[in-house]
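Enquirer: Submitted below is the structure of interest, expressed as structure tokens.
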Amino acid sequence: MRKIKDIRPIQLKDHKLYVINQLKLPKEKEWLELSTYQQVAEAIEKMIIRGAPLIGIVGAYGFAIGVKQILDEGRSLDDVRDVFDRLKNTRPTAVNLFWALERVWKKFERWTEEGRSGEELVNLLFKEAERIDLEDYHANKAIGGYGQVLLPERCNVLTHCNTGALATSGWGTALGVIRSAFENGKDITVYVDETRPYLQGSRLTAWELVEEGIPHYLITDNSAGFLMSKGIIDAIIVGADRITANGDVANKIGTYTLAVLAEAHGIPFYVAAPTSTFDLDTDSGKDIPIEERSQLEVKKCGGCDIAPEETEALNYSFDVTPASKITAIITEKGIISHVDKEHITKFLRYRGV
């Protein structure tokens, strides 16, 4: 069994959150201190930290930080709703953020009704955020364990965006499957989509793979289909920002394109995500709000203009892949091999989710 590094993107010290500034990678590994909920919200919005599971975890920590901040300032706990709303409104697509915030909000309501206050209340909220953090890490390890079984002993696997330790509490979802396969001695080569316009593949996934010593090639997004046509790609694994009741998946823009190409070439297309990514209150992908970010992210690269100033750009951050194009969804509870509403509902119910 190979030795794998344990990269962790966030640390909690003295009720302050320290995060790796992912905008500086791969050139510089800079840790930023976040000591107010406003700083946490800004870090999520600016994608200093990103990845659906991680923004949920950071949102939970941000809520605890916000409650402490309000109490330290001598304000009423009625103002805590402002903290919740500010964090909730940072990014609209990833459901993990809303799931984590709802969880800590319900605990906050219960504990205040029980008469918990002051330092005791703050400590309870930080412990709950730490619990969410730890649960995610264990979920990722389980996802990796289940998912690596799907990969042959020798496998060229293509992945999109960043779904590794930097997108989670550690280890990762889709990249966690690859980590687990490599750790277990499989001959894995990873083909990393650069993932325009934010380049999470080239900046973050490639950085993680270098850290781990996992063989990989960085590819342009528009070369994926050609590699499939040449028989180079054996499997595709991506993450998810939201999975609806019928199995449609919202993920980083470009995922749908890969799914269509995978189907055309007979290549298995896997989605790896914790069960907290399922949104059973949303029927299908057409109901998912899709974040549209600044056109400057498309028109600039590395601080340089790459398009005429007069040109307008579209910058949808996510797309939706229909359930019919997904081979299986890998979760910490096991693998959903029939991706439709009936099988998802039964799977989650039988496993106590």
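Including glycine, each Cβ sits where the backbone N, Cα and C put it.
Pulled the feature table from Swiss-Prot, pasting it below:
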type: BINDING; residues: Arg50, Gly51, Ala52, Arg91, Gln200, Asn251, Lys252; note: substrate binding site
type: SITE; residues: Cys161; note: site 'Transition state stabilizer'
type: ACT_SITE; residues: Asp241; note: active site, proton donor
Enquirer: State the Cα to Cα distance, in Å, between Gln200 (substrate binding site) and Cys161 (site 'Transition state stabilizer'), rounded to an integer.
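Expert: Between the Cα atoms of Gln200 (substrate binding site) and Cys161 (site 'Transition state stabilizer'), the distance comes to 5 Å.
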Enquirer: Check each residue in the chain of Asn251 (substrate binding site) that is at least six apart in sequence and keep those whose C-beta is under 8 Å from its C-beta; list them in sequence order.
Expert: His160, Cys161, Val238, Gly239, Ala240, Asp241, Val271, Phe318, Asp319, Thr321
Enquirer: Test of understanding: give the count of other CB atoms lying within 10 angstroms of the CB of Gln200 (substrate binding site).
Expert: 27
Enquirer: Given a separation of at least six residues and a C-beta threshold under 8 Å, show me what packs close to Arg50 (substrate binding site) in the same chain.
Expert: Gln22, Ile44, Asn162, Ala167, Gln200
Enquirer: Excluding near sequence neighbours, so keeping only residues 6 or more apart in the same chain, what lies with its CB under 8 A of Arg91 (substrate binding site)?
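Expert: Same-chain residues close to Arg91 (substrate binding site) (Cβ under 8 Å, separated by 6 or more) are Ile44, Glu45, Ile55, Leu97, Glu291.
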Enquirer: Across all chains shown, how many C-beta atoms besides its own are within 10 angstroms of the C-beta of Cys161 (site 'Transition state stabilizer')?
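Expert: Here the count is 29.
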Enquirer: Which chain neighbours of the substrate site, leaving out Arg50, Gly51, Ala52, Arg91, Gln200, Asn251, Lys252, have a Cβ atom within 8 Å of the mean position of the site's Cβ atoms?
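Expert: Going along the sequence, the neighbours come out as Ile55, Ala94, Cys161, Asn162, Ala167, Gly239, Asp241, Ser317, Phe318.
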Enquirer: Starting from the Cβ of Ala52 (substrate binding site), draw a 10 Å sphere and report how many other Cβ atoms land inside it.
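Expert: Ala52 (substrate binding site): 28 neighbouring Cβ atoms within 10 Å.
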Enquirer: Helix, strand or coil: which one is Asn251 (substrate binding site) in, per DSSP?
Expert: strand
Enquirer: Among Arg50, Gly51, Ala52, Arg91, Gln200, Asn251, Lys252, the annotated substrate contacts, find the widest CA pair distance and round it to a whole Å.
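Expert: Overall maximum Cα spacing for these binding residues reaches 17 Å.
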